[in-house]
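Down below is the structure, laid out as structure tokens.
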Amino acid sequence: MGPAILLDYLGVALFAATGALVASRQQLDIVGFIFLAMLTGMGGGTLRDLILGVPVFWVKQPAFVLVCAGAAVLTFFSAHLLESRYRWVLWLDAAALAAYCVYGAYKGLAVTGSPVVAAVMGMMTAALGGVMRDIVAGEPSVLLRKEIYMLAALVGAASYVLADAAGLRPLHAILAGYAAAFGMRSGALIFGWTLPAYHSRPGREAEASLEAARKKRAARRRRRQ
Amino acid sequence: MGPAILLDYLGVALFAATGALVASRQQLDIVGFIFLAMLTGMGGGTLRDLILGVPVFWVKQPAFVLVCAGAAVLTFFSAHLLESRYRWVLWLDAAALAAYCVYGAYKGLAVTGSPVVAAVMGMMTAALGGVMRDIVAGEPSVLLRKEIYMLAALVGAASYVLADAAGLRPLHAILAGYAAAFGMRSGALIFGWTLPAYHSRPGREAEASLEAARKKRAARRRRRQ
Amino acid sequence: MGPAILLDYLGVALFAATGALVASRQQLDIVGFIFLAMLTGMGGGTLRDLILGVPVFWVKQPAFVLVCAGAAVLTFFSAHLLESRYRWVLWLDAAALAAYCVYGAYKGLAVTGSPVVAAVMGMMTAALGGVMRDIVAGEPSVLLRKEIYMLAALVGAASYVLADAAGLRPLHAILAGYAAAFGMRSGALIFGWTLPAYHSRPGREAEASLEAARKKRAARRRRRQ
């Protein structure tokens, strides 16, 4: 355990705070804050533990539940002090993403021993809390934003796995993974870093898309006659 | 077991009916009714059992599957008799919420022994079926409505846990929890009870939010020069 | 195992491709493609394994992760060649649905021995990958389309279960299930096959619905006086 457990508390608390901030954007009441804080803070890690087949972390250590509730209450009484809550959501989410992708990779590696599973586990569980938060609250998904997001989680998880394989001490491997993920996501937020996105046309509306394909086929058929 | 098992059937059947009513609002076919009924009726309990690490209830007792299918078929042929299906969704959801928050707390307590975990488990699993229903069907989430919702689930679960700790007989503890949750949610539906919601401004659109923060910083920078 | 394992790879690869195509419609970057491919390709099967209480398939065989990543990369570089990506989504989804409903039924039957659980498992896990893909990407849900969808999954799963109970050889039972599901979904896509949908009025907006019910009651009260 050692230093890794700190990542866990850090990731949960920060994700919980983003959930509570989103609750404030939706003007929910205090229990809505707590629910979204728990969903965001504990959702990704719950899935991680279920998939790994280990006991769910907050069932074993109910302190995590109180961490989420605390973050929700704190946010409820202080969110009005923030200039731009959405910016805070993005930055706290970045710090939490970095903590959780490394912790997911750490736990994935410890349980399965497979570097591929560990990297995927880090990426997925870091992203899923935020994805669930945005879906449940009806916010635009961070996942669909243009700046680098998933790549930062993947790079952080992979950096940790590589640093561990290279024989670094646990604390150093953790710091390497965290720095890689947070650095990359910070650059994306500050400088608008993007990967080359899929450059072709965006999708048409579903029905328009089917209609267009139908017309093209009809035109081709007419030409052939 | 005893009386608690009745809560389970009641919660599943009523949640299934709300899923089917939402399917009728979306004008799905009968299989869509069954799918939404199963998702709503069994979704929250499935998560509860996975998180508790016990066998999923409907895999052990496939009768629950038939209960959901039955509720879906019944709704398919009778929903047109209802004056306001959305009102029925809200009221059946209230009765199901009360059953499921108590049953979730009961099962959580039986498996983990932790009152905190039991209360959270009751609240989460009671809410998640409805949340999934609304997301999948594209309905406005009950969670985001103004009247008290999550608090009723939390109070019901906590009341059961407290009544059990106080040494009440199982049936009495169950009735206490059910009455607390259903009473509070009923009051919310009839009298529009709300908790003080987060009173500051609602969130701006994500992009507008970032833009506004950028402008404020620019203005502050100009003032400083 | 034998022939059934092929279904698993087929379903995962095809669902992954639909996830990547949806990512291209949303103009995500390559890591977004990979994430949506994994979510769609492995999401339904992950839930299936969790519910059945068996080890999650891709944790045991990380090759599935690479299959999804490969499908995502392939799609990233070839999606612009397609005339109508949305049509491809529907057809690949049909082929994947057929594979996954049979495989889900096969695995459900092998683990639980219950034909009811097996049929439901086939239907649910075949549908859930696509449902998650559409929700996360903000696409209109295939589930809410008018043409037959869930029924095809249910019929495919049930056909496999019946064929197996009738003593057919594994390969034949699999082919029977696949043909039933894919044939029915193909007919739905080509000829617009539908089940009789719920024929009454669609749902009003949530608030309008409550308002209308309130007015009707008020009118009835006035008449009574």
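From the backbone N, Cα and C atoms, a Cβ is placed for every residue, glycine too.
Whatever TrEMBL says is automated annotation, not expert-curated.
Annotated features, as they stand in TrEMBL:
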COMPBIAS  C:214-225  compositional bias 'Basic residues'
DOMAIN    C:6-78  domain 'Glycine transporter'
DOMAIN    C:90-163  domain 'Glycine transporter'
REGION    C:206-225  region 'Disordered'
TRANSMEM  C:6-23  transmembrane segment
TRANSMEM  C:30-51  transmembrane segment
TRANSMEM  C:63-82  transmembrane segment
TRANSMEM  C:89-106  transmembrane segment
TRANSMEM  C:112-136  transmembrane segment
TRANSMEM  C:148-168  transmembrane segment
TRANSMEM  C:174-195  transmembrane segment
Inset, instruction - Write out how many residues of the domain 'Glycine transporter' (C:90-163) are helix, how many strand and how many coil, based on DSSP. - result: 63 helix, 0 strand, 11 coil
Legend entry - the domain 'Glycine transporter' (C:6-78): DSSP-derived helix, strand, coil residue counts: 63 helix, 1 strand, 9 coil
Inset, instruction - With DSSP as the reference, give the number of residues of the compositional bias 'Basic residues' (C:214-225) in helix, strand and coil. - result: 11 helix, 0 strand, 1 coil
Inset, instruction - Calculate the per-residue pLDDT averaged over the domain 'Glycine transporter' (C:6-78) and state the result as an integer. - result: 93
Legend entry - Positions on the same chain near the transmembrane segment (C:89-106), where near means CB under 8 A and six or more residues out: 4, 7-8, 10-11, 14-15, 17-18, 21-22, 25, 44-45, 48, 118-119, 121-127, 129-130, 142, 149, 152-154, 156-158, 160-161, 164, 174, 177-178, 181-182, 185-186, 189
